[in-house]
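Q: Before we start, here is the structure in question, set down as structure tokens.
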2 protein chains.
Amino acid sequence: MIKPSIPKGTRDFGPAVVRKRHYIFQTIRETFELFGFQPLETPAMENLSTLTGKYGEEGDKLIFKILNNGDILGQAQMAKDSRELATLLCEKALRYDLTIPFARYVVMRQHELALPFKRYQMQPVWRADNPQRGRYREFYQCDADVVGSHSLLNEVELLLIYDRVFSRLGMQGYEVRINNRKILSGLAELIGKPEQLMDITIAIDKLDKIGIQGVEKELLDRGLSQQDVDIINNFLRIDGNNDEKLEQLQVLLQSSTTAQKGIAELSFVLNSGLAKFQSPPILDVTLARGLNYYTGLIVEAKAPPSVKMGSIGGGGRYDDLTGLFGLPGLSGVGISFGVDRIYDVLEELQLFPATAQQGTRVLFLHMGEQSLPAAFQYLMQLREKGVAAELFHEPAKMDKQMKYADKRGIPYVVIIGENELQENSLSIKNLQTGQQQKIKVEELAGFDFK
Amino acid sequence: MIKPSIPKGTRDFGPAVVRKRHYIFQTIRETFELFGFQPLETPAMENLSTLTGKYGEEGDKLIFKILNNGDILGQAQMAKDSRELATLLCEKALRYDLTIPFARYVVMRQHELALPFKRYQMQPVWRADNPQRGRYREFYQCDADVVGSHSLLNEVELLLIYDRVFSRLGMQGYEVRINNRKILSGLAELIGKPEQLMDITIAIDKLDKIGIQGVEKELLDRGLSQQDVDIINNFLRIDGNNDEKLEQLQVLLQSSTTAQKGIAELSFVLNSGLAKFQSPPILDVTLARGLNYYTGLIVEAKAPPSVKMGSIGGGGRYDDLTGLFGLPGLSGVGISFGVDRIYDVLEELQLFPATAQQGTRVLFLHMGEQSLPAAFQYLMQLREKGVAAELFHEPAKMDKQMKYADKRGIPYVVIIGENELQENSLSIKNLQTGQQQKIKVEELAGFDFK
């Protein structure tokens, strides 16, 4: 018999991990709800045609496809290459992100939805990426998007959501960095090569990894002149506080009306005075975000610098996402939380509260048939009070039962032996302190199993 | 452009439905936790070899397989039939139930788990069944299992979980029916054909659908004699209250030690006196449950008879599930909730509480730039108090903003016009009653948006 295993890049989540993940999800969900976002869930399987062509050529290769059921041999014989074979054999595929299913949903329900539609979605996605540290083939995304509104109030609200969630999680030192794609467009205009916007964006996006000289080289490789590169260099060296940066942008990009629009948008988001942030967003002109559908604000959330983790969330404004499915003209803006990375950050900084790790609070020892009815009665009494409690499943040596409590991390055991039975009392042992005390049965309901 | 759609048998869950489903999940989860069960989550994808052969030949056909990435054309050409082709092209498959992944997990983690291991799991599963009313290709299972204990206390606890969940959901008239596979084994022994236990089980399992004469015919078709059928008939006609039924079983099956063991187990579960049920389990000797791995208690939960729905949950004790993966000798017992059907029952009986359907409570109207800072400030104040609130995204006609609140089902709007701004007041309109009142801004934090 082969040793059982799971597919590479996937994970089992045991009890402790599920609880801690649940705490993160709950914090995010609660915030989404307070801000008026509504939950949506879409199927794990989408029609392959819904997904194909939406994530670039590289993305298409990483989509997990689901084999059609029934007779597939005949169809297989018609294929000329692997790609065609996959299309012949598969009509369905696994969700690759939450954005495309959201757009698909909006188009299907356009006549019943109240616009703007503010939805959040927290579900797993699947990608056939090569697994590595922090990168999995199955992972959760947590997205909030507003579709059907151009108002910059949405940008402000989404930034406040980041602020509230990271503050609530106790993640001191997190940073929310923002920029605007219109500024990058303006830059491309300034050097007279608007058609190379994507080349410029992709190169700048690598700044963190390859440094400014690497970006320079990449820009030259992508066909920009040394003069162009010098201008971009000046742009990347813009520095100071948010207001100082905005001023420098204003000067450098004054000839581009697109850039001016981007600067005005950033000004509003940073200086509207409407929102009070725990940790105000930072304007970062070098922020580019590779994905090409953004058209306005772009945002990236970063873990505290003491943790080597980088991005723990991102998003931006995109025009016309639903246009892909035949409903043009709807603008959208959204953010996403990287739950797996947030988990690692909280773990490293030991920020999970004790309550996020609590399971069973009390184990009733099984002291034999005689005291079983009493034990069961008090067990149920605690449960009715909302205290998670268990009874050891069989009479066994005290030592064995204690070991079970210990291994499970159950902090209290209740002992009802002959003495306790006669006295109508219970002995309660706190396994963390080793303290044991006897209480009257009437006191149980009020006892604090903290 | 093709109209977007989703694969047949799958569903989008919009906001109202997600909230109501969440309420069911929460009720079940809370109960599982109170009873000391621990959460587990396994990947959507399992190795195909983990799943194959575990669900019978019919089940194997219904497993959704995931196409390998990379070059598949070469391998495809080696296949002689569709089945072989699928095995050549697919290493992974979608989870078909939660039980096999659980068993696989227990075997992988056997050295670190505290036994008995009480786990719950609430995740979607996928089956390539033909979709029909109440049957989907993607649906959730909610399972609780105990593995590593023979104690009948587990049976009692699991029945109490059913009792608590259905009571909490307000589902008056639900029934929990139980039987024991050892009794069916005893019956097969009694007629001298223990090897036909599965035939007998499968025939009896259809009683609800085909009636007693149908069962008779099926038993004869499956090679039992008229004399055998008469005995089974007597068995199926056992009637009365639980104690009367136990007595009749005792008499009819006295020659079978296996049956006697089953009767003793049922006796304990029904008459231990440990548990107090809102709605005590009913002994139903005709309950068979088709799945063949059960070896002790079997249980089925039924919706109130006023709703034509049938089973809303089931389970039982199985020996040696982990033996499939090389770890023999672990006994397990578990139950499952049919969330989709429970949803339909609660909907039909209008049992979803108002709180399970609440989203945003308050919409601040956007009355123009002048009052925007005030509106935003009070908006944030409410959110800090835990009240889900929104601001309309742009200045627009009152009528349009009201329509949005109405379409979204938001019960209150707050209006800050020129007057309110001057007076430091807010106008609050209850859209359900039509009543509007003016309050001082200091009163907002204490206002009850119920």
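Placed from the backbone N, Cα and C atoms, the Cβ positions cover glycine too.
Those TrEMBL annotations? Automatic predictions, nothing curated.
Since this is a predicted model, take the numbers as computed values, not measurements.
Pulled these from TrEMBL:
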type	residues	note
BINDING	B:D97, B:L98, B:T99, B:R127, B:Q141, B:D145, B:R289, B:Y293, B:Y294	L-histidine binding site
DOMAIN	B:1-373	domain 'Aminoacyl-transfer RNA synthetases class-II family profile'
Q: According to DSSP, which of helix, strand or coil covers B:Y294 (L-histidine binding site)?
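A: In the DSSP reduction, B:Y294 (L-histidine binding site) maps to strand.
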Q: If you measure every Cα to Cα distance among B:D97, B:L98, B:T99, B:R127, B:Q141, B:D145, B:R289, B:Y293, B:Y294, the residues said to bind L-histidine, what is the biggest one in Å?
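A: Across B:D97, B:L98, B:T99, B:R127, B:Q141, B:D145, B:R289, B:Y293, B:Y294, the widest Cα separation comes out at 22 Å.
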Q: Where does B:T99 (L-histidine binding site) sit in the DSSP three-state scheme?
A: helix
Q: Within 10 Å of the Cβ of B:R289 (L-histidine binding site), how many other Cβ atoms can you find? Include all protein chains, please.
A: 20
Q: Let me make sure I understand the structure: which of the binding-site residues listed (B:T99, B:Q141) has the fewest other Cβ atoms within 10 A of its Cβ?
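A: Result for the binding-site residues B:T99, B:Q141: minimum number of other Cβ atoms within 10 Å at B:Q141.
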Q: By Cβ count within 10 Å, point out the most packed of the binding-site residues listed: B:D97, B:Y294.
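A: Comparing the binding-site residues B:D97, B:Y294, the most crowded Cβ belongs to B:Y294.
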Q: Could you give the mean pLDDT over the domain 'Aminoacyl-transfer RNA synthetases class-II family profile' (B:1-373), rounded to a whole number?
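A: 94, rounded to a whole number.
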